[in-house]
Amino acid sequence: MEALPKLSFFSKLLFLLSFFSLSSSSSSSMSSLLHPSIADSAKLHRNYTAISDFRLLNRRKLLDCPHIINPSVKLTVVSASESLLNEEFINVTVSGVSIPSIEHWVAMITPSKANVDSCPLNEGLYLQTGDLSRLPLLCHYPVKAAYLRSDPDYLRCKRSECRVRSGGRCLQKTCNATLSFHVVNFRTDVEFALFGGGFATPCLLLRSQPRTFQNPNAPLYGLLSATDSTGTSMRLSWVSGDKNPQQLKYGQHGTTQTSQVSSFSQNDMCNTPSIQSPAKDFGWHDPGFIHSAVMTQLQPSATFSYQYGSDQVGWSDEATFTTPPAGGDENDFHFLAFGDMGKAPLDSSSVEHYIQPGSISVVNGMAEEVESRKVDAVFHIGDISYATGFLVEWDFFLHLIKPIASRVAYMTAIGNHERDYDQSGSVYRLPDSGGECGVPYETYFQMPTPGKDQPWYAIEMASVHFTVVSTEHPFTPGSPQYEWMKKDMASVNRSRTPWLVFTGHRPMYSSTRGFIPSVDPNFVAAVEPLLLQNKVDLVLFGHVHNYERTCSVFNNVCRGMPFKDINGIDTYDHNNYTAPVHAVIGMAGFSLDEFHTFAERWSLARVAKFGYLRGHATKEKLSLEMVNAVTRAVEDSFSIIKAPIQ
């Protein structure tokens with residue numbers, strides 16, 4: 001099968017738009033566009049679930065490269081032990097290559113028997129995710145891939161072996177390359193494959209023997225969240241390959257809670273009637289089982305130890321966490337907030353689906369603050385992992401955030417890359433979730449929401465009331481979410497929690513330069529009047545990948561400006577409230593967006609650097625700092641002040 005020609009960015013965009021215009025056509029017309037083997041495979045396997053044995057079978061015959069490979073070529077996998085650890089770096093060596101090529105590359109595949117034949121017609125499905133990178137288009141997407149030329153010695157054959165000698169001379173020399181791959185416990189076995197043809201026209205040369213994990217049922221990736229505003233209960237969720245309930249032990253006296261177990265299957269992923277989504281097709285990976293248990297009878301602003309697992313599957317390392325202060329407490333409150341983080345490979349040479357280059361430095365910076373016990377809670381406001389239908393990416397993300405999420409409450413809001421899909425009930429009929437439609441997000445991140453697919457909630461910590469909304473669900477008057485947020489903000493007791501912070505994913509104000517508008521006027525028209533009516537102090541949004549702060553703004557007009565305090569910090573006086581202050585904080589990992597040369601009058605600070613927002617609240621003052629994750633320098637700081645209500 002010939003590879004499709006490479007498309008320019010705008011050609012790809014037009015292709016994507018035309019691709020989704022097919023959603024109103026019949027499934028039979030869509031099938032007629034596909035190669036028969038692909039169409040038949042999709043039809044045959046549509047009803048299989050994640051927990052069936054089918055996930056270990058080939059979807060169709062695996063094809064090899066058309067040319068004959070040198071019989072001396074070997075693919076050697078070296079790990080710490082025969083069975084894989086929960087996390088390790090694996091060295092993969094390709095040896096015996098007669099003529100090194102820039103087109104040689106290695107893929108990491110899980111499960112090992114997945115079909116990795118070339119499927120160029122997958123490009124239309126792949127473009128749904130928003131990732132326009134030039135990556136392998138295979139029937140089953142590889143977890144990672146790396147060119148052998150990433151080893152600087154490969155193309156020049158600096159590491160070689162002599163295969164044929166005569167008279168003390170080497171008549172035939174072969175070349176070697178070694179790559180390092182970061183692996184976490186995916187619960188299914190792992191295999192490595194050598195390809196020719198580059199990413200555009202991949203064909204299989206060699207496959208390694210599969211490697212299994214020492215304990216595919218191991219309890220991993222503990223994730224904390226607050227269940228209410230009392231500071232006396234916390235939820236812990238974790239992932240395991242075992243469906244049987246496990247135990248959470250915590251506190252000095254070893255109090256035990258039994259986990260509730262949930263999961264999701266391919267059938268839970270969404271697509272249109274005529275177009276299969278990546279989550280249902282080549283991006284699928286068995287998520288295992290998500291365990292969840294609630295710790296009760298805790299004390300606010302206190303530290304506790306905990307451990308989770310069972311004697312059958314093993315136990316996690318013992319760890320400690322800190323509860324947030326209760327709503328209304330006089331305590332100081334310290335929090336971090338950010339959006340659009342995702343993850344990036346920890347091995348330097350490999351590529352993965354949808355890399356967010358700033359994510360590692362941002363996580364490292366926040367982890368240092370959490371380790372120093374200067375953080376009470378974290379708010380991640382949308383675009384969480386950017387898995388977008390490639391389910392194995394959630395394992396990488398949960399592993400990345402563990403130093404933060406296992407120590408303090410990790411509170412989240414849903415974003416377009418978790419929820420949006422055509423004909424799925426989301427506001428925006430875009431394919432940004434890759435067919436996930438919020439199911440993995442809500443399973444992993446169990447927030448105190450009203451119900452399933454209603455990802456909005458309120459939480460109070462010390463002097464702050466957080467109203468957390470979904471910009472991806474209906475928000476107009478009369479919708480369940482609108483009526484909820486209207487009631488929630490009107491009910492805030494400002495003598496108890498003087499600060500009202502409103503947060504969600506898509507912004508109301510942004511001066512970013514982009515092909516697609518970042519602000520939805522319908523959202524602004526419906527919700528902005530509620531912010532003014534309820535005297536919201538601070539509005540935090542993501543979606544746009546930079547940092548921007550406004551004046552006290554309403555309806556695109558500055559109603560109030562900050563003054564400089566004795567330290568030169570912009571300070572907003574909300575004793576004389578005029579309008580909310582907005583801050584876009586989507587600078588936590590995704591490639592940064594550029595600003596317009598011309599700044600709107602309401603735009604007071606603009607920073608296009610990776611980082612996060614650091615917050616400190618007392619009853620009299622709310623202080624915010626935009627922290628550069630690379631240098632740890634404060635790039636912008638501002639405060640909001642008000643006298644406490646007597």
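Backbone N, Cα and C atoms are what each Cβ position is placed from, and that goes for glycine too.
Residues or ranges marked as signal peptide by TrEMBL: 1-25.
Per TrEMBL, domain 'Purple acid phosphatase Fn3-like' is recorded for 83-215.
Taken from TrEMBL, the feature domain 'Purple acid phosphatase N-terminal' applies to 224-323.
Residues annotated as domain 'Calcineurin-like phosphoesterase' in TrEMBL: 334-547.
Residues or ranges marked as domain 'Purple acid phosphatase C-terminal' in TrEMBL: 579-637.
Note: the domain 'Purple acid phosphatase N-terminal' (224-323) comprises 6 helix, 42 strand, 52 coil (DSSP; helix = H, G, I, strand = E, B). Per-stretch counts of Cβ pairs under 8 Å to the domain 'Purple acid phosphatase Fn3-like' (83-215) identify 334-547 as the leading one among 224-323, 334-547, 579-637. Mean pLDDT for the domain 'Purple acid phosphatase C-terminal' (579-637) in this predicted model: 96.
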